[in-house]
Each structure stands twice: as C-alpha cells, then as structure tokens.
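Sequence annotations record features per position, and here TrEMBL assigns domain 'P-type ATPase N-terminal' to 44-111. The transmembrane segment annotation in TrEMBL covers 86-104, 110-127, 306-327, 358-380, 949-966, 978-998, 1028-1051, 1063-1084, 1096-1115, 1135-1155. Annotation source TrEMBL lists Mg(2+) binding site at Asp426, Thr428, Asp888, Asp892. Among the features that TrEMBL reports, active site, 4-aspartylphosphate intermediate is placed at Asp426. The ATP binding site annotation in TrEMBL covers Asp426, Lys427, Thr428, Glu575, Phe622, Lys645, Arg679, Thr760, Gly761, Asp762, Arg862, Lys868, Asn891, Asp892. Look at TrEMBL and you will find 914-1164 tagged as domain 'P-type ATPase C-terminal'.
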Amino acid sequence: MSRAGRARGKLRLSNLYTFSCIRPNVLESEGPHSLQGPGFSRVVYCNQPRLHRKKPLKYPSNYISTTKYNIITFLPKAIFEQFRRVANLYFLMAAILSLTPIAPFSAVSMIAPLAFVVGLSMAKEALEDWRRFIQDMKVNTRKVSVHKGDGLFGYKSWQKIRVGDVVKVEKDQFFPADLLLLSSSYEDGICYVETMNLDGETNLKVKRCLEATLPLDEGMAFKDFTGTIRCEDPNPSLYTFVGNLEYDRQVYALDPSQILLRDSKLRNTSHVYGVVIFTGHDSKVMQNATKSPSKRSRIERKMDKIIYFLFTLLVLISLISSIGFAVKTKFGMPEWWYLQPKHAANLYDPRKPALSGIFHLVTALILYGYLIPISLYVSIEVVKVLQAMFINQDLQMYDEETGNPAQARTSNLNEELGQVDTILSDKTGTLTCNQMDFLKCSIAGVSYGVGSSEVEIAAAKQMAFDLSGQNSEISGIAMHNRSAHDSWENGASDVAGSEVELETIITSKGEKEQKPVIKGFSFEDNRLMDGNWSKEPNADTILLFFRILALCHTAIPEPNEETGSFNYEAESPDEGAFLVAAREFGFEFCRRTQTSVFIRERYPSFKHIIEREFKVLNLLEFSSKRKRMSVIVQDEDGQILLLCKGADSIIFDRLSKNGRMYEEETNRHLSEYGEAGLRTLALAYRKLEESEYSAWNSEFIKAKTTIGADREAMLERVSDMMEKDLILVGATAVEDELQKGVPQCIDKLAQAGLKIWVLTGDKMETAINIGYACSLLRQGMKQICITTMNTDLLAQDANKAMKENILMQITNASRMIKLEQDPHAAFALVIDGKTLAYALEDDIKHQFLNLAVDCASVICCRVSPKQKALVTRLVKEGTKKTTLAIGDGANDVGMIQEADIGVGISGVEGMQAVMASDFSIAQFRFLERLLVVHGHWCYKRIAEMICYFFYKNIAFGLTLFYFEAYAGFSGQSVYDDWYMLLFNVILTSLPVISLGVFEQDVSSDVCLQFPALYQQGPRNLFFDWYRIFGWMANGLYSSLIIFFLNINIFYDQAFRAGGQTADMASVGATMFTCIIWAVNCQVALTMSHFTWIQHLFVWGSICTWYLFLLLYGMSSPTYSGNAFHILVEALAPAPIYWVVTLLVTTACNLPYLAYLSFQRSFNPMDHHVIQEIKYYKKDVEDQRMWTRERSKARQSTKIGFTARVDAKIRQLRGKLHKKYSSSGVQTVIPAS
C-alpha cells in the first residue's frame, strides 16, 4: 500500500506544541550522544533478531515470571520456608529421634502430625504460586504483529519476541517490550500513549518518531530495513533514555520521546511500527519490579520468640529430670532388686549414671514436647483460611459495578491487617477516577454556582447539629438573616447569613442528584444557564470567559454518535471539564484543523447555532514550572488575543494595572473555593496589535528553531515577554472526582490513628490538588516543599551541592515544626522524585524520615516504581512499624511487594498489582472495612488464640513434669497415651478454633463508629510480653492447682466403695478431666461473643471426653489396658471424682475471673465500655451520650474530612463570635 493511500491522522499534531514536540529543522546537527564507558554497551541490530541470540550479545527472551517458585526450586525453598518456624524445626528433630529406642512414643505418632502440618502449608503455598503462574502465562501468550521477513507481518506471542524484531502495535494494544518508535498512522509520526501501568497517569502522552524513519510507514518498507541502535544498558529509569540510531549512513540522537515502554498502551492512534530494544526482565517496567518476598506477620515472628522461651524451659526441666534420673540411677537403682540392676542396659545402668542421664535427657525432651504445641500451627492455618473466607464473602466489600469481591490472596497476614501504622497509597486509579466536575466559577468579580462541595456539606451538617442546642436568641438572629438566594460561597458579607444557609446547601445537593447527570459538569446556577448570562451586567466579560474555556487547550474532539455531541481527548482532566462546561454554557468546541479551532456558539437571541472560526497562531503549553498555558488566536474580525489560564499566584503577578479591576473579589472567591476543597485556576486575556505580535513571533520562531541546551530557556524567556500586562476575567473551581467513598475512608482511617502517604507518578500540582480533594491537605495547613535547586556546577560538585541544599531544607523544616506553638497547626510534606533520589541516600534518609513522620501528611510526586518501593522500605525499616501499600497498576507492584501488607485494587486496567498483592479489593473505600473491622477482629482473635494455646499447653505439659519428679524421674506419664494424643487434636482444638474464627469484642458497625478501637492493634495491647507472660503464669498456676490438689486429695483418701485408694489410672483420668474442664471453661470466659457453634464446640468437647472415656473403657483390655471400664466402674460411682472436678475447675478459673472483674470495674479498656453500653442498651435510650462517646473514640488527627470540617467550624465560629460581639448579642459558642 502506498503512503498516500494509507488512512492518516488528519492533523500534524506537532504543530500544536511549543516545547516537547517541535523539532528543530536539522535534528542531526545537534550531534549524536557520546556513548562511551560502562552502562552504555547495548547494541541492537534492527530487523535482525537472530544476531542477538549469539554471544557476546545473547539478550534475554521476552518471557516474564513473577512467581516465587519454579519446578526445581519449589521443594527446597518451600521446605526452607516451613522449617524457618522454630516449632517445626524442633518437631523435625523429635521425629528423627523417635526412630531410636529411647523415644517414649512411637515414630509414627511423631512423624505423621509433622508431615500433615508441613504438607498442608506447602500445598497452600503451591496453590497461591500457581495462580501467579497462570497470570504470567496470560501475559506471555498475548499476540502482536511481528515482521517475519520480505515485508510480511504475522502474529507471535509476546514470549517469542526478540531484541531487534520490528513489531506493529495497533490501537488499544499494550506494547509487548520497550520499543523505538519508527512511524505511526499519523502523517508526522505522532502517537498517543497511556502510561497508567507505569506511572499511574491516565493523561495521554505524546510520542514522536525521528524524521528519518517517517518513510517506514507500511509493511513492505521493512523488507530491506536495517539499522543499528547503540544505547544505555537496561536500567529502571522510566523518564530517561540515551542512545543513537545509525541509519542510512547517518547517526541520529535518541531521547525518551521516541521510546515506547512495555505495559503502556497505544491510544487514539491506528497503529505504530517500532523496533524492540529491551525484552522481558530487561524492560524498564520489569527492572522496576522486585522479587516476590516471603512475608511473615509480626505476631508469627513474635511467636517464634515464645517458642524459643518455651524450648529453653523444655531444656531446663529436661535437664532437671535427667539429673534427677542420674542421681536416682546411681543411688537408688542398686536397692531396686526387682529391676535386676546387675543386668541393666545402658538406659539405667547404676555403674554409668552419667550415660543414663544423657539418654534420659533425650527421652525427657520428647516427653515434655507438649509444652510446644505442634497443633498451634495447624490450628492457626485453619483459622486463617476460615478468616480469609469471611473476608472473601463479606458483602459490604463486594463491588456491584465490577462484580469483584474482596479477596484474601494469602491468609498468612490476616492479623497484620489489625496492626497497620502507615498506609502508602498510589493516587491515580486508587484514590481518584481522574475525573473533574466543574462546580463553581467567578466572573467579573461575581461568584456563580450554588452547588456545594462535599467539604461544605459536611461542615453544614456539623454546624447545624452544633447550633441546634444553642441559645434561641442566636436562632432568631440567624432566621432573620436567612437569604434564599445567597450562600456563604457567594462571598456575601453577612457571615451570620452564611451560617443559616445550611439547610439550603443540603437541600440543593439533594436536588442536584435528581437531575440528569452530565459527566464533568455539576454546575448549578440559573444566572448563567440556558443563555441567561446575556442578562447579567457584565455579559461581555462572561462571553470572553466562556471563549477562554473553549479555546485555551490542546484537546481533540471526537464525535459521540449516541449523544450527538462530542467527547474530548484532553491531556488533563481539567481541560476535559472546562470543555464540557463550555459546551453546556453554549460554546461547544467541535473541530480542530491544522491552523484553526471551531466553536459552535449558541445565543438566546439567535434561533440558529453560529459556528465561529478562531485561527490558532501559537500555543504556549502548560508545564509544572510555568504553571500556566496560553493560546494566541485571531478571531473572525482579525483581532489577535492572548488567552491564558493558570495558577492564580502566577496570573495575578502578570496582570496590568488596568487588569486588576476584579482582583480583590476574585481573590476572595478563590480562597473560599480552596476552603471548600476545590481546585482552582485563574483566567485572563490580552489584546495584541498586529505589529506587536509580528515582532514577538519572529523572536519566538528564532527561539523555537534554536539548536542546543539554551533552547528551553530561550523559549521560556520569549513566552514571558508575551504573557504579561494581562486583564483578569475570572476563575474556575472544579471538584476532583475521587473514587466513591475515598474522603470518608481516609477520614475514618485517620480517626483510627493511621498515617497516610501518597506516592504518585503525577506532577506536583496534580498531586497537591488530589491531596486537597481527599482532605490529606487543607486550607491553613503549612506545606513543606522539598525541591532541588538549579545549579551550573560540574556533575560531582552539583550532586554535593544538591545534597547539602536538600539536607538544609529538611533540617530547617524539622526545626520549624518543633518551634510551632499552635496546637492546631498541621504540616504537609511534598517532595518530587528528583529530590527523593537524594533524600533516599544513606546519609540523608533518616533525617528525611524523621521529618516525614512529624508531618500530618506526606505526598511524594513524580516518583518511579523503584522509588515507591524504596520509600516503602525506608518507612518499614525506619519506623519498625507495620506498613501497608495499596495500588492498582504495574507501577505499584514494587511497593506492594516491599510493604508488610500489599493490597491491590482489582477492576482497573491491568492485574499486575492484584497478582503481586496479599489482599485485593475493588475500590479504595473497602480498605476502611478491611482494616478497621476485619483487621481489628483478626488481630484480636489470633492474639487471644495464641495466648490461650500456650496457656493450655503449659497447664497440661507441666503436670507431666510434676508427676515424673513425683515418680522418681522415671519417665513415666500419669496419662494414658490416647489421652495425650487426643488432647490437642480433638478435646481442646475446636473451641480454640471457634475463638479464632468467630470471636468479636464488638460488632462491625461499632468498629466503624469507634475507629479508635483499631489502635489496640498497632499498640499491640493483646500480644505484648506482659499479656503473654500473664497467660503463661495462668497456665503455671493451673498446672500446680490441677496436680497438687489431685495428688493431695487422692493420696490417702478412700476412692472405691470398698475403701481402696485410687490407682494411677484413676488419678490420671481425674487429673485429665480437670484439665479438660479447666481449659474449656477458660476459653468460654475469654470469649465476648457467643454463637451456637461456640457453645457446641466448648461444651461438646467436654462431652466428647466423657464419651471417649466410656467407649475406650468398653474396648478390649488389650487396647484400653488400665482404662478398662474406668468410667463406669471406678470414676462415675465415686463422689470424690465429681467433687474434685468441680473444685479444681473453680480454683483454676477463679483468679482469671477476679482479674476480669477488677479490670472491667476499675480500669476498663475501650471495648469493655462499649460492651457495657450495648448490654444496657444505652446507645438506644440515650443517643446524645452515645454520640458523645463516639466523638471521643477517634484518634486526634490533623488530616481527613473531619479534621477539615473542624478547621472550617473553628473559622466560622470565630466569624460568628465577632459578628455577635459587634451586634451586642451575649452568647456562648462552644469550643471545637
């Protein structure tokens, strides 16, 4: 197909751009890059992929893997993971020793439980990794069109692509590898790329090919195409690229604007051709990936320490036992003629007591193994899997729009959800939908728009509640001042009137929701709608305002066949909202040509729509440094206008003396919009004479075609010459469209005491505006911006100067925070990726972290995926507290894997974040319930369950030691082997599992109403050493009571009807009955929430013991031995058996009951108070008391919606106080 015949884009889009997309006339005269030394050794032979399979090149294939294991490494790595657990290691040693004659138990009874525990855990690991493998294969088997030779293209899977391949990527496809752009369907080689999976931004980026490769625009053009690329080696930097293309006997410099990165997507472009530079794990997105770590919860790591302690205790009592046995063997054995000491084996040879003691030490180590509960790990695995099922099936975390439920992708970290201290969140797709709503505007000093932002509505409701109980005299004044048309946003001077407008504000929001929803437009004000603006006093200024909205942008209109209007592909969501607003006001941007923009204008005085043409002469685009954009247009009358929009601080500095007519009013409106959480821009214009424009344009063209490093600076200087002496028109206020429930979720998490950091690839201004939108930032909060300085020094000196400057900024900021006196003062830290690169270096990072921890909120912008992971690591290792990372794209995988807990958001493009995560949710708002409800429950359940496990095993295990000492350290157990086998497996396992699965200190609703309860987790109140040793002491006490009460009572008491005393079998069965009763009553006392399942398990376990004893006694004496008919003939008929059971059970649980009663009466915890309120139904009978308690139950925070509303209320109360003081009204206004 000929070039002329191809379907081409209609525009040479490069003509729209000033800085990034304008090419100097002779590109090669800039000269190729000097590529020498290490780090620049890569050579790519274009269209010759076979050359790269041989040494010395031999580049990797495009196959990628994110799994932890493969077929070869699974067994060794998974077994290593299992035996990192200290208890498993101990039981492995015990299982090996059980194969020797000195073992007190059979080998099968030791090996089988261990194999079951380890096998179950390994199977779970294998299943989770298999899911990752399946997801990898979905990516690896995607298809793309590849040049096969002779100008023919055919489809290949991604994993078969090689370096040097020429590929054709079509619209809405992902790029399979890092490519050099050769040509596109647009005539001048422009293409649009969405980099959401890399940096989180949904705004489209413009990429452009070299002029030299433009003719490579169809399949046959590649028949004889060859070229050589020499460039940098694989590295993780997303925003840089250095290389040269040797093609057609010329050398061309390459830069990032020609590179298409893997996992970014082609948009609004029919197709592009590119040559593969980096494949697979060499690609920049994979270079930013980190290995899947093996994560363990803090509780599990602490549990290992407890196991160490118990193991020490085990060794200690085993040593005591072995020494006692050696002493008895030496001095007692010769007298025990019935054991035939002269023919004794080494196990008890009186001539070798030391050797006998050593053998007995091994026996004791195995015998007292009940101190270390092997069933603990199995029970925890079962409990965590069941907890994960409850998380997966929680309907409150099910997203109906996408059909995605919450998913616990690993159950190892359930309890960690309840101990989070810091949340590190991505922005785009996580916090925001990246959509803007046009809500208000100020034109010619008049504020328009009666709708209210979420901040205003919340403040209104809170003030209404506060004022409801105020002095009636105030109410009278308020009612007198009510105005049906004015609200406080209108800038009315009557402050009291603004307070009484609460009802109007809340009503207006409700009415708005009933109207047809227009995406991007929530404006309500009849003064401007339906052409009514023409009746306003400043109609000419309003007309100009609308035209600036419709003209000052770089968007492209796309017809929408369903609605008959247009959709707009804009580089920022703000531009899209402005164009929608202009359309709704009657000024619809409908067409763009190479040199002109066409607007359909609708006037109330004309029946027909008028289409006007505006010639676009120049466009001075937006950048984070300029903070403004301008367009120079010529209207149909020949008048040349400069139309400008930008940050108010920038625009106001550039106003002429005659252009400040509305400055004061507009400034006040901008302040009010900012307080309402809206993001604002100021609009201005300037009329130009043709001669003035011509002179400036010649300078501009000269700067634009300059070659060299000064080009950007010259363009900036020439632009500044034009963007001055402006006349202010007005300002816009848009509400950033956050994901549903994000502000409320952040507010609740802040009240729960969590710190929230935002890590985004977006530019600083966008990140700050999002911070305002989700209430991480607010008016009055002091922003600390750490930035790099410009320097002309040499590279080494510049780095040193940069670091010193950044360190000075950090030190000064830290000092400022410490000297702050205002208790309500809040600080926010904002830092960009370039500065962060220095701040994360070893000699600065701890000072940076200390500053960040002192700030209420932290926003890191323009950060790469690798930097996200490094920041996460710094917070995790520096604070030694639990971190949670949440994101939705491939750019978030690093931080998700690095954090203690990784949460992926499903339902957004790409599933890489979900596949790398530990938990997945459909929307950010579900994080509130995941942490505050499930996290709180899981932490308390697991903590109480583990503590109880150690209690019951100590209570049981120490009785074995006491009896052995009592029986001459003989190694004799007082219990039947079957009792011991069933103790952990059946008789005490189900109650503790029900505790771990169903226990609730408070209901889910109460968890959300009292978010401060969550702090019990981060403060580790239920698993600190005080509580752990308390439970161990309880177990020690219970073991002493159980053993010595039973021994002393049965020692010389008549047991049978004939007067005989109890034998060892009867004493052992009675002691075991006491243990079963004591530990099961203890777990019942521990529970706060009972279901029929818990009742069944607790009391059913006790009944099971009696049933087992009955059935076991009925079996043949060959099996039951001394327990033959023990319940029917010996225990049940003896009253002392029942009396001792009752006495010992009561004595064991009485101290815990007394402690519980004392704590609830004199030192209650938060949940104790709530339980009492709920029990006596005070929450229903006394709503004010319940509300008061709820307001207390939130952590003091300076971020979030509530903190923002509190700040607004403090401001309004201050105004009210002044108002009423000046009017002579005596009132009492409560403090906030």
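Any Cβ shown, glycine's included, is placed from N, Cα and C.
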Dominant neighbour of the transmembrane segment (949-966) in 978-998, 1028-1051, 1063-1084, 1096-1115, by Cβ pairs under 8 Å: 1028-1051
Segment-segment contact (the transmembrane segment (306-327); the transmembrane segment (1096-1115)) at 3 or more Cβ pairs under 8 Å: no
Spatial separation of Asp426 (Mg(2+) binding site) from Arg862 (ATP binding site) - C-alpha basis, Å: 11
Cα separation, Gly761 (ATP binding site) to Asp892 (Mg(2+) binding site) (Å, whole number): 10
From Phe622, Arg679, Gly761, Asn891, the binding-site residues whose CA lies within 10 Å of that of Asp426 (Mg(2+) binding site): Gly761, Asn891
Intrachain residues whose Cβ lies under 8 Å of the transmembrane segment (1063-1084), provided they are six or more past its termini: 948, 951-952, 955-956, 959, 974-976, 979, 983, 987-988, 991-992, 995, 1034, 1038, 1042-1043, 1046-1047, 1050, 1055, 1094, 1098-1099, 1101-1102, 1105, 1109, 1122-1123, 1126-1127, 1130-1131, 1137, 1140-1141, 1144-1145, 1148-1149, 1152
Neighbour tally for Asp892 (Mg(2+) binding site), based on other Cβ positions within 10 Å of its Cβ: 33
DSSP-assigned states of the domain 'P-type ATPase N-terminal' (44-111) in counts, ordered helix, strand, coil: 31 helix, 3 strand, 34 coil
Predicted model, mean pLDDT over the domain 'P-type ATPase C-terminal' (914-1164): 86
Beyond the flanks of the transmembrane segment (978-998) by at least 6 residues, Cβ under 8 Å: 109, 370, 373-375, 379-380, 382-383, 386-387, 390, 941-942, 944-945, 948-949, 952-953, 956, 1068-1069, 1072, 1075-1076, 1079-1080, 1083-1084, 1086-1087, 1089, 1091, 1093-1094, 1097-1098, 1100-1101, 1104-1105, 1108, 1112, 1123
Long-range environment of the transmembrane segment (358-380) - Cβ separation under 8 angstroms, sequence gap at least 6: 85, 87-88, 90-91, 94, 97-98, 100, 102-105, 110, 113-114, 116-117, 120-121, 303, 307, 310-311, 313-315, 317-319, 321-322, 325-326, 346-347, 942, 945-946, 949-950, 953-954, 956-958, 960-961, 964, 969, 971, 973, 980, 983-985, 989, 992-993, 996
Between Asp888 (Mg(2+) binding site) and Arg679 (ATP binding site): CA-CA distance (Å): 24
Spatial neighbours of the transmembrane segment (1135-1155) far in sequence, C-beta under 8 Å, 6+ residues away: 955, 1034, 1037-1038, 1041-1042, 1045-1046, 1049-1050, 1053, 1055, 1066, 1070, 1073-1074, 1077-1078, 1081-1082, 1085
